[in-house]
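According to TrEMBL, the transmembrane segment annotation covers B:12-38, B:50-75, B:113-131, B:152-174, B:180-205, B:245-264, B:271-289, B:338-360, B:372-394, B:420-442, B:454-476, B:550-568 (among others). Per TrEMBL, domain 'NADH-Ubiquinone oxidoreductase (complex I) chain 5 N-terminal' is recorded for B:44-90. Annotation source TrEMBL lists domain 'NADH:quinone oxidoreductase/Mrp antiporter transmembrane' at B:107-383. Residues or ranges marked as domain 'NADH dehydrogenase subunit 5 C-terminal' in TrEMBL: B:392-567.
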Amino acid sequence: MWLSPALFLMLISILTSVCLVVSSPSLFISWVGLELNTLAFMPFLLSKKSKLASEASIKYFLTQTLASILILVGGLGLSIKLGAAPFHSWVLSVAEASGWLSIFTLLTIQKVNPLLILWMFCPLSMEFFYGVVLSSLVVGGLTGLTQTSIRSMLTFSSINHVGWLMTAISFGLGVGVYYFLIYLATLLCSIIIFHMFNVSHVNQLSLLNFKPSNQLLMFFALLSLGGLPPFLGFLPKWMVLQLTISYSMLLVAGVMVSMSLLVLFFYLRLMFSSFIMGGLSFTTFIKAPLPLPIFFILLFAMSGGGLALAYFL
Amino acid sequence: MTVDKYLYQKISFFLINFMLVIGFTGVFLSLSGVSIFIEWFLGGSSMNFSLIFLFDSISCFFLSVVLCISANVVWYSKSYMATDPNANRFILLVVGFITSMAILIISPNILSILLGWDGLGLISYGLVIYYPSSKSSSAGMITVLSNRVGDVCILLSIGWFMSVGDFNFSIWALLSNTDFSIWVSFLVMLAAMTKSAQIPFSAWLPAAMAAPTPVSALVHSSTLVTAGVYLLIRFSFILGESCSAFLMFISIMTMFMSGVVAIFEYDFKKIIALSTLSQLGMMMFAISLGLFEVAFFHLLTHALFKALLFLCAGILIHGVGNTQDIRSFGSLSLNFPLVTVCMNLANLSLCGVPFLAGFYSKDLIVELACQYSWGIFILLMMFVCLSLTVLYSVRLTYLSFVSAYGGGSLVSVCETDYSLLAPVVILSFTSLMSGPVLSWLSFSCPTLIFLPTFLKWGALFFVVSSVVIMVSLQRLVYFYMWGTVKKFSGLMWFLPWLTGQWLTLNTLKNADQFLKIYDQGWLEFYSSKGISMGANSMSLFSLKFQHNSLKIHFLVFLVWLFMCLIYIL
């Protein structure tokens with residue numbers, strides 16, 4: 001799908017928009033980059049060619065445009081663009097309707113631009129910023145508890161991660177970029193797995209006949225996303241947490257930790273059904289080993305690369 | 001069948017050699033007044049851990065007595081357990097027991113005492129449940145749980161020692177201003193009381209007679225039960241005034257209770273167990289008076305003749321066909337002349353007949369106790385317990401050796417097995433000689449006793465009069481018809497029931513209520529279930545803003561925008 005020339009052009013446009021935002025000295029050119037981002041992402045949403053997809057793409061377009069207007073007026077639009085609570089309601093609708101690649105892009109690359117503008121121009125006042133962060137964390141953690149579709153779970157975990165990301169970026173660019181990159185890597189691992197086995201719902205995981213070793217790798221990818229030591233996903237969270245505590249933002253730290261627990265809980269619950277019910281018939285396992293690059297990415301999710309990355313950052 | 005034909009003899013020989021070495025070391029140490037510390041030291045800068053063994057005259061004498069008794073018991077059990085299919089397990093448990101006792105005796109710090117103490121409790125459990133019957137199983141359970149209470153007390157006092165600084169109590173004995181509180185004294189005393197079966201915890205000792213007779217001779221007469229007394233002797237610096245008063249009362253009541261119960265008891269080994277209990281009360285009594293060396297002396301002599309008594313009992317029980325009821329004994333002196341002589345020696349020594357072993361130790365305690373001014377109740381009870389001892393010993397001798405034979409007719413009643421008889425003869429020699437020998441070794445000069453005449457003659461008077469009373473009472477039939485008194489005594493003053501069934505029944509009822517109402521009820525509601533229900537309800541609340549409609553999304557944005565504008569303006 002992503003090999004078609006048109007979509008490739010769109011990908012280049014998105015990357016161009018990122019470069020625009022990063023390298024612009026003024027807010028207006030960054031705003032132009034944001035608009036370019038919005039427009040270039042639309043075809044990704046429409047790549048699935050269903051009525052649901054067109055509905056999702058209209059919602060996305062309208063939301064993002066409103067957000068861009070609101071950026072010009074005040075800083076509110078950035079939170080809308082990020083999908084931070086209490087402005088998070090559009091993310092779920094869009095995410096439910098897209099394919100796995102689209103959702104990946106939605107949840108990661110679309111966040112780069114708003115985060116960079118947030119860092120560069122800091123338009124949000126302190127109380128507002130804390131309010132958005134806290135409510136993102138809480139909403140992401142709590143609402144995800146009663147979800148049954150895997151896309152919704154990933155959405156709410158990304159809302160939670162947006163809270164962490166905004167905190168990280170407020171401490172400096174290095175921390176924010178580090179968190180973002182590791183979030184990208186771990187999310188990529190999880191989404192690749194879901195894409196490969198075409199699961200969209202919690203029920204479907206138990207129907208797969210995996211070898212237990214493959215199940216374990218899937219489990220590790222999700223745990224890494226949830227931020228459990230010794231996996232890769234723990235490192236940026238540790239960094240942000242330590243910075244938060246050393247700056248005495250203890251309420252934020254407490255809420256961050258407890259809501260991460262809830263996010264981790266619904267990942268664990270996701271894998272329980274696969275462990276207990278899946279792999280029941282031992283003769284019809286999916287015997288093929290995971291393809292090599294995926295395997296490599298999964299191993300990267302475990303911890304080694306993160307340490308190297310931290311060294312260089 | 002054992003793995004090696006001469007296994008028991010080899011073990012016994014090794015133990016005798018070890019005993020001779022330790023015995024001569026003990027004599028040398030007591031005469032020269034030297035104590036030997038052997039220390040293995042681990043660690044260097046930040047961690048200091050040392051394993052210390054203390055060899056002073058007390059520990060060497062005790063260890064040599066224990067080894068002497070165990071050598072004889074192992075030799076005895078070669079033929080006693082010859083027909084038993086599990087003899088390998090037996091000898092392993094006995095060797096483990098001797099090792100634990102040795103560790104307990106030679107350790108000067110409370111951690112290694114705990115090692116020996118716990119080992120004793122555990123291995124004695126294994127020995128009590130040796131025979132596979134329900135009686136042995138319940139007896140073992142009472143034994144191990146009572147001993148566990150003592151273990152807990154020692155563990156708590158280890159915590160206290162950690163706060164004081166050093167686990168070695170031999171150091172603290174030399175200082176006078178240590179920081180020990182009253183709780184450590186009580187804990188140590190409580191631990192000693194559980195091991196030595198004083199009044200609240202005395203249910204296990206008669207019940208533990210379900211073990212084989214060599215085990216009773218080794219464990220329940222001389223080593224396991226004296227571990228508590230030994231602990232108190234080692235911790236002599238810690239017992240203060242109030243602890244001594246409490247201990248005195250408890251020990252007097254134990255002596256009295258066990259004496260009374262033994263008069264009405266019909267199980268041979270239980271009578272001997274109760275006489276052990278009574279003598280333990282005597283030792284605790286001496287400790288509560290502050291007479292630690294005299295208590296130790298009585299411990300040693302009592303160990304020797306009580307082991308002798310149990311071994312003779314084993315021969316008699318084997319002889320009348322493995323029954324332990326004394327109503328089926330009687331007139332056995334005709335067929336067991338040597339055993340009769342030795343058992344009489346042991347019994348008379350127990351009663352405190354002049355110039356046998358028990359006289360030196362027990363009479364010394366009695367006379368020294370008369371010199372203190374603790375009150376008429378204590379003195380009277382002590383003399384009453386003396387006479388009770390004589391009463392049940394004479395009853396035992398009469399019913400086994402003198403009265404008419406009450407058993408079956410097809411039994412082989414003879415004593416030809418030398419490996420059963422030789423330990424008995426050896427132990428009777430030691431119980432003859434240990435009295436004077438140990439008193440010359442332990443006390444450098446004779447004690448000065450200064451008493452009025454009637455108190456001096458008191459002990460002898462009570463002994464002789466009790467002999468006369470019991471011999472004459474045996475001729476009277478209606479002595480055995482005191483129904484209520486018999487029931488009260490037979491159930492050991494209801495103590496086993498009180499500390500066993502009644503306690504567990506009420507505790508389990510309460511525990512059941514706690515489980516159903518609190519643990520699976522309200523506590524679940526308030527902690528785990530409550531939190532998960534709260535989280536779910538909050539999640540459902542936030543899903544209310546989550547409709548799949550663009551209008552609602554934008555309305556939410558505009559509402560928040562409005563609120564922020566109001567806040568800013």
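Including glycine, each Cβ sits where the backbone N, Cα and C put it.
Bear in mind that TrEMBL entries carry predicted annotations, made automatically and left uncurated.
If you look at the transmembrane segment (B:454-476), the same-chain residues 6 or more away from its ends with a CB under 8 A from one of its CBs are 351-354, 363, 366-367, 370, 383-384, 386-388, 390-391, 394-395, 398-399, 403.
At the 8 Å Cβ cutoff, the transmembrane segment (B:372-394) and the transmembrane segment (B:12-38) share fewer than 3 close pairs (sequence separation 6 or more) and do not count as touching. Here the transmembrane segment (B:50-75) has long-range neighbours at 8-9, 11-13, 15-16, 18-20, 22-23, 25-26, 29-30, 34-42, 91, 94, 98, 101-102, 105-109, 112, 168, 170, 214, 217-218, 222-223, 230, 233, 296, 299-300, 303-304, 307, 311, 419, 422-423, 426-427, 430, 434, 438, 441-442, meaning same-chain residues at least 6 beyond its ends whose C-beta is under 8 angstroms from one of its own.
Beyond its flanks by at least six residues, the transmembrane segment (B:271-289) meets 192-193, 196-198, 202, 205-206, 208-209, 216, 220-221, 225-226, 228-229, 232-233, 236, 239, 244-245, 247-248, 250-255, 258-259, 261-262, 265, 295, 298-299, 302, 306, 309-310, 313, 326, 350, 362, 365, 368-369, 372, 374, 382, 385, 388-389, 392-393, 396 of its own chain at Cβ-Cβ distances under 8 Å. Under DSSP, the residues of the domain 'NADH-Ubiquinone oxidoreductase (complex I) chain 5 N-terminal' (B:44-90) split into helix, strand and coil as follows: 28 helix, 7 strand, 12 coil.
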